[in-house]
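Asks: One structure is given below, represented as structure tokens, and several questions about it will come after.
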Amino acid sequence: MTIRVAINGFGRIGRNVLRALYESGKRAEISVVAINELADATGIAHLLKYDSSHGRFAWDIRVNNDLLQVGDDAIRLFHHADIADLPWGELGIDVVLDCSGVYGSRADGEAHIAQGAKKVLFSHPGTIDLDATVVFGVNQHELKKQHRIVSNASCTTNCIIPIIKMMDDAFGIESGTVTTIHAAMNDQPVIDAYHKDLRRTRAAGQSIIPVDTKLAAGITRIFPKFKDHFEAISVRVPTINVTAIDLSVTVKNAVNVLDVNKLIQKSATGAFRGIVDYTELPLVSTDFNHDPHSAIVDGTQTRVSGQHLIKTLVWCDNEWGFANRMLDTTLAMAATGFK
């Protein structure tokens with residue numbers, strides 16, 4: 001059975017989800033039948049076709065009134081600000097991928113279900129009272145049929161959690177700190193402009209900008225045992241895509257650099273194949289653009305101090321990798337069945 005999907009919010013993640021669907025070979029399993037986005041159809045089609053980070057979309061894109069043609073596929077377009085106006089029941093929607101960045105509460109998920117959707121997947125952490133938070137590759141096996149309102153966590157959580165998981169299983173993590181070196185985002189101004197966060201008043205292309213992050217809380221949501229054992233900070237840098245994460249952990253077992261890198265290499269070709277990758281090439285951020293993995297560890301940057309303090313550099317395409325995980329989690333949700 002093909003899963004009938006609607007995308008609510010067709011910004012950076014929404015568009016990348018659709019592009020990833022067409023590039024990943026999952027179209028026999030997932031069909032996007034509707035998109036809800038306030039922008040007009042011409043703008044939707046243009047930004048789907050032409051992308052400053054990911055280049056031109058290979059499929060033909062046409063607009064016929066409020067039908068978006070992607071190759072031979074016709075996708076209904078809606079422009080509603082209120083979930084209550086969306087015809088999910090009429091369209092037989094199995095899963096809504098809410099990529100708006102606006103909605104994320106249980107009430108928001110219930111609103112989609114009230115309109116006829118069977119399940120909802122949010123593209124950000126959402127509130128703590130959702131049915132489940134999934135980091136694909138780590139805990140998707142915990143999904144149950146009754147989990148109707150689910151979060152796909154965040155791009156940085158998807159990046160770091162698999163690495164934490166493998167290191168904890170192998171070496172026993174005691175505590176850790178995380179520094180996210182994140183590409184600029186569209187909540188930052190091109191030139192200085194007002195914002196309640198005074199650092200975010202500053203031009204995105206001119207500075208390295210510290211911002212708040214809830215990544216430590218995201219780690220705890222997946223691994224409750226690490227409550228008060230991880231801290232995180234984040235800075236935005238003047239690039240438009242790809243993020244690096246500096247992960248430092250203290251571990252119980254004595255280790256060296258070779259131990260750490262062997263673990264990651266083995267995991268990348270085994271339990272975390274397709275989720276984690278490993279490289280020792282002299283690469284820079286742009287080389288990871290359009291990489292579908294959740295995390296790519298640069299083994300040349302692994303450090304160990306005093307046998308118990310590990311530092312690793314982990315890359316991710318914060319758009320493309322996460323968009324691919326949205327598709328994976330959609331399939332995992334559908335595999336549990338629909339009520």
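Each residue, glycine too, has its Cβ placed from N, Cα and C.
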Asks: Among Arg148, Arg236, which residue does Swiss-Prot annotate as binding substrate together with Ser154, Cys155, Thr156, Arg200, Thr213, Lys214?
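Replies: Answer, per Swiss-Prot (substrate site with Ser154, Cys155, Thr156, Arg200, Thr213, Lys214), from Arg148, Arg236: Arg236.
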Asks: Can you tell which of Arg12, Arg200, Lys214, Arg236 has the least company, meaning the fewest other C-beta atoms within 10 angstroms of its C-beta, among these binding-site residues?
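Replies: Comparing Cβ neighbour counts within 10 Å for the binding-site residues Arg12, Arg200, Lys214, Arg236 gives Lys214.
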Asks: Near Asn318 (NAD(+) binding site), which residues of its chain come within a Cβ-Cβ distance under 8 Å, counting only those 6 or more away in sequence?
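Replies: Counting only residues 6 or more apart in sequence, the Cβ neighbours of Asn318 (NAD(+) binding site) under 8 Å are Cys155, Thr156, Cys159, His182, Ala183, Asn241, Val242, Thr243.
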Asks: Round to the nearest Å and give the CA-to-CA distance linking Arg236 (substrate binding site) with Arg12 (NAD(+) binding site).
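Replies: A Cα-Cα distance of 17 Å.
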Asks: So the record assigns Arg12, Ile13, Asn318 to NAD(+). If I measure every Cα pair among those residues, what is the longest distance in angstrom, as a whole number?
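Replies: Comparing all Cα pairs, the maximum is 10 Å.
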Asks: How many Å lie between the Cα of Ile13 (NAD(+) binding site) and the Cα of Ser154 (substrate binding site)?
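Replies: Roughly 11 Å, rounded to the nearest whole number.
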Asks: Quick check: of the binding-site residues listed here (Ser154, Arg200, Thr213, Lys214), which one has the Cα closest to that of Arg12 (NAD(+) binding site)?
Replies: Ser154
